[in-house]
Amino acid sequence: MASIVRPSLLRQTALAAKPAFRNSALRASAFHTSTRRSAFISPGPQRIEGTVNDPAPVPPPSAAHGSYHWTFERLLAAGLVPLSVAPFAAGSLNPTTDAILCSAVLLHSHIGFQSVIIDYIPQKSHPGLRKLFMWGLNLATLTVGVGLYEFETNDVGVTEAIKKLWKA
Amino acid sequence: MNAHRLGLAAVRSASASTPFFSQTLPRSLLAATLSTSSSSSLSTPSLKRPITTQKLSPEEGQQVLANQRLNRPVSPHLGIYKMEQTWFGASAWTRITGCTLSGAAYVYFTAYLVSPLLGFHVESAALASGFAALPFVLQGAVKFALAFPFTFHFINGIKHLVYDLGVGFAKKDIILGEKLLWISSLIGGGYLAFGL
């Protein structure tokens, strides 16, 4: 059926089509894929497992890595809104709120850096690099946690330090 | 613009002039005939094929796919958004400003922890007196370099928390949100840097 209709359809369409649509460059552009190379990190060797038509693998469902994690991230971020404003707005120095703010900021930063690593260092193509960065981040967060504890106990506390620096 | 839309446009303009075309015609067929028609076929119905297909073995197909994947941009990347679309409101800016602030904090508190071992002074008193010695412009610049990422991350973070509730995805809301975000965070950053 299609082979019978095709020539007559072609003539009709070609007659009716506007000149812009007969531009061959425009016609071919629909089939082009991206030629931009990634900026930060090489895509690495590409191995296609299975056939080209297989869907992407779905990881086993885990609420701790899925919805609970997502909700926790959002609650933490939402909680930081009043936590980061209150000490400066109230103008009072309270070691407890300072400690809560520091812990929340540290966790928020850690989760944020984790998601950056997850996005830019694919587990599949760079498993070793991923592991290195994840453990490097764990070490950095631990170091900063100890540093924050030292700062809170031996120095004036984060809120007060920022105030001092700002008014210097 | 893809072949499907080209075909649709052709159907519309063709059905306006001839009664032959109707809505029941298969659109993919029209798209196929249009995309393979020659550029000078007004008088001659000759078939040139600028786009050809060829038979590939599964192994060759995999190779094509693998090579195509090498050209893909890394996904959360400012380069994948159009400037006139959502570039300025992209969540990547939240990430960039957040990483700036958290990175600075990580560097500072690590330096604070190791400073007694290495014998340099970064405690708050030393830092404040060193900062006071800087000229006003430089002080303002340092403050703005910290305050602007904070206000931006703060405001865009709230915007994204609102998005997470499923609110504000209309095109005009997105555009308005982007404008408000940049104006308020620039003003807020400027106020924190120079107004306090």
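Just so you know, glycine gets a Cβ as well, placed from its N, Cα and C.
Annotated features in TrEMBL:
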type: REGION; residues: A:40-60; note: region 'Disordered'
type: BINDING; residues: A:His108; note: heme b binding site
type: BINDING; residues: A:Tyr120; note: ubiquinone binding site
Local Cβ density at A:Tyr120 (ubiquinone binding site) - other Cβ atoms counted within 10 Å: 19
Helix, strand or coil at A:His108 (heme b binding site) [DSSP, three-state]: helix
